[in-house]
Amino acid sequence: MAGGARVVASGWGWRHAGRKAWAVAELSFDIEAGERVLVLGASGAGKSTLLAGIAGLLGGDDEGETTGELRIDGVDARSARGRSGLVLQDPDAAAVFSRVGDDVAFGCENLGIEREEIWRRVRRSLDAVGLGVDLDRRTAELSGGEKQRLAIAGVLAMEPRVILLDEPTANLDPAGVLDVRDAIERTVVREGTTLVVVEHRTEIWADLMTRVIVLDPSGGVLADGEPDAVFAQEGDRLAAAGVWVPRHPIGMPLALDAPAGAVVLEADGLAIGRPGAPVVRSAIDLSIPQGHATVVVGPNGAGKSTLALTLAGLIPEREGLLTGAPSLAGRRGQRPAQWSSRELLTRIGTVFQDPEHQFITATVRDELAVGPKALGLGPAETEERVDALLAALGLGALALANPFTLSGGQKRRLSVGTVLASRPAVMVLDEPTFGQDRVSWIRLVELLRAEVAAGTTVVAVTHDAGVVAHLGESVVELTGASQGVALRGRAA
Amino acid sequence: MSVTTPDISAAAQRTAFLDGVNPVSKILAMVVLSIPLLATIDWVSSTVAVAIELALVPLCGVAVRDVLRRSIPLLAFAPIAGISMLLYAEPGGRIHAQFLLATVSDDSIALAVAVALRVFALGLPTILLFSRVDATELADGLAQVARLPSRFVLGVVAGVRLLGLFVDDWRSMELARRARGVGDAGVIRRFFSMAFVLLVFAVRRGSKLATAMEARGFGADVERTWARPSRLSWRDGVFLLGCVCIMAAATGTAVAVGSFRFVGS
């Protein structure tokens, strides 16, 4: 590969068309060829905009206006496409073709590379990221970590001199995160390519980086220097702004073991699978303790989400039986899958992995009122519940905003709020802390701890070691085998 | 993600004659195989066409089971088309039954049979030709053989890939509505509100994908190359000639037995 490129910003700024505020303003830095830079900043500081700018994606006057200069090896970034390659946060959105080989080749084709050379590069890049799959393999069949490595291979094949990563591990399980980091270490570091990474989870990248640049939301640079120096100097301020600063304590007590007691949901010889799809796990015997928090862990593909949907009564058991406590029995008995949608509301509430899937109205306020209205509560009581939740979730100022326009953290809190509004006895959450910055993470976990303290049963599927430590009073592990579950001691 | 992959991956061996034919030729073949059938209306030509096409199924590489499975919509639609002709076509010949505006006559029976058969004669080649066409292969053909603009072709292919994700979105939204207490009633209203949200998803996914494509140099000023060649070969000539022969045999037989009839005559 051709080594790295120098990236220089001088007074660079960008304002999206139709916005009043500048996304990035008055930004100046000089990144030498081969430097590896972690870009940090509070959400809304313009980190992703900066990456898009370096990638040359911020162009025409209809998209927005620009000030100053952003140059790669002396060439304006907008005319330097191909010198830089950008990997986006969501690997699902990145695959263009349905087969692995074709997808890696896509970037090379766009750069006008010869056919034989394209396929040489495709094989080399897939080797480099450690993705030893068949070229004809379907991209849809890859795991999250594999998809992200595929996206990196697609960028490597273009042989760019700058590689840009926009939260590349936000959507991955711990194993996937390590694979992606290793792939970058093996390729970028060895080839001397310039690397610019935006990532909340700094601990993964900190030791790989030669420099940290912290963006100031009001424009310019807040701090710039060696990682250790920046974290020592700006650690507190960064942590307060939502950055996961390495070795910065969360300041929350650990969860204690759930004592033996009443059971709210009981699975007996349960086999789970989505309707129309194969059974993903069978022979599950499991008791969910009432009024405590249970976390469900395990690798991708182990059936965690399917188990969550089954426990939540949203999809029926494939075999065996799931029974709710007698106190929860509905008109058609104790099986959650047979409860009506309205009966489910006060019994089991579900927070989906993708919060957008559960939004059904046009404002945050209406969204929180859906549950209480479906329960037939009067306007006064509905309003009271909604107002209390808006305050507790820190969404008061956004009451009239459209749920789809919220930030990731706000959407997640709103989706939890929609469930709290109907005060269910049991809450089932699928990856509640997915992609959260430090501030919203703390807020969310504290909220859930408060619910448990108030007597709600919480079941959370998670990859997040922090959630296990601070919420998991009982830990259920789905192992690689497709049968059964294991109860894990808290010490493990 | 749990998108069901198309049959292409399942049918591991791509050795059938039709697999060596360029997708662009298949589109041309559809024109050849359908225009004569759209312009004429008699039962003999479509019967002959369907018979020959069925005899050629082994060359297409589609399993008979799949042909049957994919024909189910045709089996449902053909009788509907046929019955409406039976009742409401312009009466002629002997009249068998009459009820309000509906009249069953010799002519309307003949027309009903012809129309029902035509649904098959038009649907069957679509199933046989396109069941195993891969979207990527089609894009390569459209861009390199048919010389359509690459931006358009790749945009469409990438968009089609998103359709699988929408199926997943829809399922998740259904479950979410049950979880939120609004899943019990109002099927129609629920459908429309979900359709609207799906539209929002479509726009957002589409723009994300466009960014991902641009991030990999799509739309740069360089002349694009193609990693997979797409050309025409002798097979395409044989294939298209074969399609012309099928149509010649179908219409020829109809003329010979005297049943040939243009639409509207």
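Backbone N, Cα and C define each Cβ position, glycine as well.
Going by TrEMBL, these are the annotated features:
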TRANSMEM  B:27-60  transmembrane segment
TRANSMEM  B:72-89  transmembrane segment
TRANSMEM  B:109-130  transmembrane segment
TRANSMEM  B:151-167  transmembrane segment
TRANSMEM  B:187-203  transmembrane segment
TRANSMEM  B:238-263  transmembrane segment
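B:109-130 is the stretch from B:27-60, B:109-130, B:151-167 with the greatest number of Cβ pairs below 8 Å to the transmembrane segment (B:72-89). Pairs of Cβ atoms less than 8 Å apart link the transmembrane segment (B:238-263) most often to B:27-60, out of B:27-60, B:109-130, B:151-167, B:187-203. Cβ atoms under 8 Å from those of the transmembrane segment (B:151-167) belong to residues 1, 3-4, 135-136, 138-139, 142-143, 198, 201-202, 205-206, 209-210, 213, 218-219 of the same chain, restricted to positions at least 6 beyond its ends.
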